[in-house]
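Asker: Could you have a look at this structure, given as structure tokens, before my questions?
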Amino acid sequence: MTLHSNSTTSPLFPNISSSWVHSPSEAGLPLGTVSQLDSYNISQTSGNFSSNDTSSDPLGGHTIWQVVFIAFLTGFLALVTIIGNILVIVAFKVNKQLKTVNNYFLLSLACADLIIGVISMNLFTTYIIMNRWALGNLACDLWLSIDYVASNASVMNLLVISFDRYFSITRPLTYRAKRTTKRAGVMIGLAWVISFVLWAPAILFWQYFVGKRTVPPGECFIQFLSEPTITFGTAIAAFYMPVTIMTILYWRIYKETEKRTKELAGLQASGTEAEAENFVHPTGSSRSCSSYELQQQGTKRSSRRKYGGCHFWFTTKSWKPSAEQMDQDHSSSDSWNNNDAAASLENSASSDEEDIGSETRAIYSIVLKLPGHSTILNSTKLPSSDNLQVPDKDLGTMDVERNAHKLQAQKSMDDRDNCQKDFSKLPIQLESAVDTAKTSDTNSSVDKTTAALPLSFKEATLAKRFALKTRSQITKRKRMSLIKEKKAAQTLSAILLAFIITWTPYNIMVLVNTFCDSCIPKTYWNLGYWLCYINSTVNPVCYALCNKTFRTTFKMLLLCQCDKRKRRKQQYQQRQSVIFHKRVPEQAL
């Protein structure tokens with residue numbers, strides 16, 4: 001038998017003659033393949049095979065300069081893909097700031113892109129240059145399995161990231177409490193398992209299901225994708241449907257972020273105006289935690305801390321939110337409450353914050369001693385946020401109790417700043433109360449007396465400044481949270497945009513090929529498929545452009561500054577340890 005091949009082709013360069021006939025069996029293949037009937041003319045006039053195809057030409061019909069150009073370009077892209085995704089993985093390992101739930105999904109995406117850069121790109125380049133598959137059927141099926149599983153895993157990871165961002169924005173209280181690294185690992189595992197189950201068994205064992213292998217020798221493509229209708233269906237399920245879902249989710253994320261931005265701007269604009277009006281309530285409280293049921297659990301525990309000119313009594317009270325309030329929190333988690341209790345609850349619901357009990361939480365009442373005065377502001381019974389009355393023009397008077405034993409006030413501004421920083425995170429309650437102790441001869445009883453003493457204008461201004469500082473801290477925390485969400489949304493938008501740009505041309509050609517099997521030149525097929533690979537090259541660039549932490553860590557790794565960073569961190573910890581030990585006796589006073 002004599003084997004004659006009437007095809008001499010160079011897929012990437014259309015100026016070289018090609019007699020490939022594009023039949024329905026070639027639809028949607030990564031490389032324009034030759035149908036078995038049109039590629040091979042079997043002649044029985046000779047006892048041996050003769051061939052005029054490129055099987056004996058290692059360059060596949062290309063010129064030497066074409067081979068150099070193809071090898072250099074594709075090799076460079078593969079190298080950039082490998083280095084970029086290795087940087088992502090190593091950066092995640094060495095920088096603890098990157099070990100967030102959202103970045104676990106990016107780590108999974110980087111692993112899929114790394115597989116494509118190491119295996120898929122190089123084998124496909126060899127296939128293009130040689131213009132035939134010379135590694136055998138088993139290697140062909142393994143390559144296709146790895147290629148399609150990794151590519152589909154990239155799509156699934158993008159889908160998971162989109163849903164994660166969507167629920168984080170729209171359900172910050174309910175979803176973030178469940179958003180842990182363990183659940184992220186489960187979602188990542190499902191993405192890979194689903195991708196493997198969908199593609200690997202069908203690619204590896206389809207020839208055994210149908211009883212024969214229809215892929216001709218020297219070619220490599222998925223056997224069950226020989227029909228355009230099947231190829232069309234897989235394109236819809238693997239690309240168009242996920243892209244549609246991700247686009248809708250991103251649009252919802254964008255609208256919700258814009259809504260949050262307007263709400264925060266309104267909160268900041270009305271904050272200064274409403275502060276003077278609501279600072280003193282007719283009942284003595286501008287805001288209250290009336291929506292929560294305060295429940296005293298036994299004896300109150302109080303402790304005293306001293307920071308500079310501020311003296312604090314932290315009185316622990318346990319409280320449980322009412323059933324009605326819990327329902328409101330779960331049903332309308334999008335709204336931003338203006339009270340401090342709701343703000344603290346919203347912040348505690350984040351997975352990045354400190355874990356708090358599901359039912360019982362702690363409220364700390366702060367007792368403030370104004371510098372240079374012998375009075376102390378103490379917490380009282382009402383659970384108000386800033387229950388303060390001062391002798392201003394528009395304000396009332398403030399009831400305070402005189403302390404019999406005057407406390408020494410330290411006027412260190414640094415310690416005062418630390419004082420403000422410590423209680424700015426808590427629902428602050430400024431009220432008037434002090435206890436004066438009268439010790440009897442037997443030291444058996446302690447009496448507490450109260451007296452009304454108006455504050456001076458200077459002291460009232462200072463107290464009001466503390467309340468304004470607290471409100472600004474709450475607004476700042478909301479603003480920082482919004483900025484963080486915007487950065488995550490920007491990263492998602494960049495990744496999604498790169499995915500759509502790189503994957504759309506090939507999938508459009510798949511749709512066109514369903515109705516016109518000879519309208520797409522082989523060069524376009526190969527370029528379109530390679531463009532899908534380039535998406536794995538672009539993703540690390542998106543991380544660096546949209547995330548400053550990734551960018552600085554990449555720079556540190558490329559410049560080999562890991563050891564310097566570790567030494568600086570150790571030196572900083574040693575300095576902090578010395579400072580801490582020096583301050584221990586002072587804090588113990």
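Using N, Cα and C of the backbone, Cβ positions are placed for all residues, glycine too.
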Asker: Annotation N-linked glycosylation site per Swiss-Prot: which of the candidates N6, N443 has it?
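Answerer: With Swiss-Prot as the source, N-linked glycosylation site is noted for N6.
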Asker: Looking only at C140, C310, which is named in Swiss-Prot as the disulfide mate of C220?
Answerer: C140
Asker: According to Swiss-Prot, N-linked glycosylation site sits on which of N15, N547?
Answerer: N15
Asker: Restricting to the same chain and to residues at least six past its boundaries, which positions have a Cβ under 8 Å from a Cβ of the transmembrane segment (184-205)?
Answerer: 101, 104-105, 108, 141-142, 144-145, 148-150, 152-153, 156-157, 159-160, 164, 222, 224
Asker: Reported as an integer number of Å, what is the Cα distance between C140 (disulfide bond) and C519 (disulfide bond)?
Answerer: 27
Asker: Three-state secondary structure of C519 (disulfide bond) from DSSP?
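Answerer: It is coil.
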Asker: Expressed to the nearest Å, what is the distance separating C519 (disulfide bond) and C220 (disulfide bond) at their Cα atoms?
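Answerer: C519 (disulfide bond) and C220 (disulfide bond) have their Cα atoms 22 Å apart.
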Asker: How many Å lie between the Cα of C516 (disulfide bond) and the Cα of C220 (disulfide bond)?
Answerer: 22
Asker: Are there three or more C-beta pairs under 8 angstroms joining the transmembrane segment (67-90) and the transmembrane segment (491-513), sequence spacing 6 or more?
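Answerer: Result for the transmembrane segment (491-513) with the transmembrane segment (67-90) is no.
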Asker: Over the span of the topological domain 'Cytoplasmic' (91-103), count residues by DSSP class, listing helix, strand and coil in order.
Answerer: 10 helix, 0 strand, 3 coil
Asker: Count, for each of 104-129, 142-163, 229-251, 526-545, the Cβ pairs lying under 8 Å from the transmembrane segment (67-90), and report the range with the highest count.
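Answerer: If we count Cβ pairs closer than 8 Å to the transmembrane segment (67-90), 104-129 scores highest.
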